[in-house]
Amino acid sequence: MAFNMHNRNLLSLMHHSPRDVRYLLDLSRDLKRAKYTGTEQQHLKRKNIALIFEKTSTRTRCAFEVAAYDQGANVTYIDPNSSQIGHKESMKDTARVLGRMYDAIEYRGFKQEIVEELATYAGVPVFNGLTAEYHPTQMLADVLTMREHTDKPLHDITYAYLGDARNNMGNSLLLIGAKLGMDVRIAAPKALWPHDDHVAACKKFAEESGARITLTEDPKEAVKGVDFVHTDVWVSMGEPVEAWGERIKELLPYQVNVEIMKAAGNPRVKFMHCLPAFHNSETKVGKQIAEQYPNLKNGIEVTEDVFESPWNIAFEQAENRMHTIKAILVSTLADI
């Protein structure tokens, strides 16, 4: 290994240097190639990893499980219905129990302070699978995907995020781009921009890396000349459908549609989404929204014609969750 990341937490990427991030990206690329060519070697035999999910997931759970199994590790999936976490036992006590049984712990849930408390008391590496504030494993997958779809070096890559930028995706896309010297544009109503303290921290990173940061309320200005257009759902998991009315009114100008993609003015532009996406009315939630807002039957944050077009690389992005998570596990836990 190029340098030592052994037993290190991954909580937000705030404390990872650009060199750390590039190393994880390069290791992800190498592990992906090894899997595709059938030359992968197992470095995590006899390792045990606990997966705590207070929020449900498809991609994060599958990515951690397959990554661990590929490398010879064992996993235990823990959901709110199969544990005492938060009911009869605090997260602090849970951390001190699991840390004696497992080599690492993944947490996907709500507040950032919970995953940080886990890391404080577990005594083993803790990985943030998603909190309200940050989504670091997704960021590694996103940058790996962007690298795969352009010949440009990282500092020449330009991307825009459209939508609610106060959430984990807005925060994290701003952070990773600032760390790596990229050109990052955030387009959202000003009330939905990332918090001022987070923007200030990212601007400081940008000064060091040469990154360009733009926050604007004009979506077409944001996407002009970009290589990639990102978005995310407009409300978080668990929010009632009734809460969508005001959010739809605020964010409809930031819907990723054909007009927005063409406004990039780049024939090689690609669309990215961390998924799941409401791109039609075939899901239960999509159908409920379409019943109340018929103009959204063909997509909410992204339209069906964009999602089902060659612009969309969200499924490659989803696959790369597994390769980048594998890199995190190997770099942290492997005895090499």
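The backbone N, Cα and C atoms fix where each Cβ goes, glycine too.
According to Swiss-Prot, the protein carries these features:
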- SER57, THR58, ARG59, THR60, GLN84, ARG108, HIS135, PRO136, THR137, GLN138, CYS274, LEU275, ARG321: carbamoyl phosphate binding site (BINDING)
- ASN168, ASP232, SER236, MET237: L-ornithine binding site (BINDING)
Binding-site residues compared (ARG59, HIS135, ARG321) - the one with the fewest other Cβ atoms within 10 Å: ARG59
Fewest-neighbour residue among binding-site residues, criterion Cβ within 10 Å, set SER57, THR137, ASN168: SER57
Subset of binding-site residues (SER57, ARG59, THR137, CYS274, ARG321) lying within 10 A of ASN168 (L-ornithine binding site), CA to CA, in sequence order: none
Spatial neighbour of ASP232 (L-ornithine binding site) that is closest, considering only the binding-site residues SER57, ARG59, HIS135, CYS274 and their CA atoms: CYS274
Conformational class of SER57 (carbamoyl phosphate binding site) under the three-state DSSP mapping: coil
In the chain carrying CYS274 (carbamoyl phosphate binding site), residues 6 or more apart in sequence that have Cβ under 8 angstroms from it: ARG59, HIS135, GLN138, ASP142, MET169, ASP232, ALA314, GLN317
